[in-house]
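Feature annotations, courtesy of TrEMBL:
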TRANSMEM  7-28  transmembrane segment
TRANSMEM  34-60  transmembrane segment
TRANSMEM  91-117  transmembrane segment
TRANSMEM  137-154  transmembrane segment
TRANSMEM  166-186  transmembrane segment
TRANSMEM  206-224  transmembrane segment
TRANSMEM  236-260  transmembrane segment
TRANSMEM  286-312  transmembrane segment
TRANSMEM  333-351  transmembrane segment
TRANSMEM  357-378  transmembrane segment
TRANSMEM  398-418  transmembrane segment
TRANSMEM  424-444  transmembrane segment
Amino acid sequence: MTELQKRISFIGLVALGAAGVIGTSWIYTNSKFFAAYGAGGEIFGFVVATVIASLIALAYAELSTVFPRAGGEVVYTYVAFGKTTSFIAGWALVGAYLASLAFYVTASSLLLAWIFPQLEQGPYYVIAGTKIHLPELIVGIAITLLVFLVNYYGAHLASGIQIVMFGTMIVLGLLLVIVGFTHGQASNFWPAWSKDMNPFLSTMRFVLPAMTYLTGFELVAVLAEEANMPVRKIGISVILSVVLAGLFYTIVLLSSAWVIPWQETAKLKLGTIDAFKVAGFPALGWAAYFISVLGLVTSFVGLFAATPRLILSLSRAGVLPQTFTKTHPKYGTPVNALYLTLGFALGLGWLGKGAMVWFLDMGGFAIAIAWVLATLSLIKIRKKYPNLRGAYRTSATLLPLIGGIVAIIIAIATLIPGTPLSLAWPYEYIVLGVWAIVGVILYAKAPKGNEEEALKNLLGEYYEAIKKASD
């Protein structure tokens, strides 16, 4: 059995997408960003970044309704450019997602250590200058196994849990916003930049970092095959994921600059968490903390759902062993790909947060490459198959193309030393190089099968649509 079950609802898909975008660190790092860019630089930078990410999401929205199959970019790039480009897109994303999953193994216990400092005591070892204590590793492994089990028993269960956690995040965020705006004042926020800051440049400088906080909406496309809804709603859920996440970021951060003067927030250690405590609302400080915890868990669940689907898709394309196309006869989950994902997460997770930062930064480059290839795939598929239309259609390819150009800038910015997103020399360049070399070896050893047959496996029932459109 190699087919996935259609059991994800519209709300579940939006929750997987939006909660997959909303991360963990943004709510307490705003003190650092307020100091560097001003409250206006970060908040308006998020607005600009959300618009740009939405333009990129337009490409995913259309393509996910033309080909609602597991794998997202793997499928789109195979149809547009063939096997080699498809493998590049898929391998890049697998690397990015696995890096994040491995990071979460020990990062999950980092947040818990704020409440239970005992986790950072006892036996430890040091990698990349970071101590990894045995208790935090054990807790991280336990959380990872729990996330694995949630995904093992089906995307329906994962999406249901994601709905609950995302809903909780929204409620907690609304509490912060209501109290922040009713007890704060506009003069705490405005002027939103220091006198020595250029408002335009400060805002534009934060756009690139903000884009990294808006990754994750592509999860919707990867999980599209299991969506139990009219196809058009899949495209809508892609756009909603970006817009909801961007809106959530912007309003919650604005509340932290409204409740007390943003210059004070900039001096605090934990940004929004400390801002509400200083304002006299310690319970809301804890609410901000729990938003951070939920952001980590929802990202963990979403990526653990998406990564096996990417592996399954690469197997369907014939570049990874066929054993990874196997799905559970009862739950319809890609069991072998799930076990591989678990093995990678635990195998890399013991390296700890210090070493995993090298992998995470490489992941930013990989996701930017995937965005570029997705927008180029939309343009190529429209030209190659002009009669092929999805249930959701972008009015003009110019808009996603603009987003694609920004994605190229992001990718280049990670490789050029001295930019806010530059990889760290030499370790992160080495990690990127090693991952690329492993990919080249795997691709070279892949069986030289029939590409048309691989395309059939990738597209399933949608293969005939391609044939009709090309006639």
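Backbone N, Cα and C atoms are what each Cβ position is placed from, and that goes for glycine too.
All TrEMBL annotations are machine predictions without curation.
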Fill in the blank from the handout: Spatial neighbours of the transmembrane segment (286-312) not adjacent in sequence (6+ beyond its ends, CB under 8 Å) are 4, 15-17, 19-20, 22-28, 70-72, 74, 90, 93-94, 97-98, 100-101, 104, 107-108, 111-112, 114, 143-144, 147-148, 150-151, 155, 158, 161-162, 165-166, 168-169, 172-173, 175-176, 216, 219, 222-223, 225, 252, 256, 272-273, 276, 320, 324-325, 327, 333-334, 337-338, 340-341, 345
Handout entry: Two-stretch contact, the transmembrane segment (357-378) and the transmembrane segment (34-60), at least three Cβ pairs under 8 Å
Key = yes
Completion exercise
Per the Cβ under 8 Å criterion, with at least 6 residues separating them from its ends, the transmembrane segment (34-60) contacts 72, 189, 191-194, 197, 199, 202-207, 209-211, 213-214, 217-218, 220-221, 238-239, 241-243, 245-247, 249-250, 253-254, 257, 262-263, 265-267, 271, 371, 374-375, 377-378, 394, 399-400, 402-404, 406-407
Exercise for the section: Quick one: find which recorded stretch in 7-28, 91-117, 236-260 has the most Cβ pairs under 8 Å with the transmembrane segment (333-351). Expected result: 91-117
Problem - Stretch contact, the transmembrane segment (236-260) with the transmembrane segment (7-28), Cβ-Cβ under 8 Å, 3+ pairs - result: yes
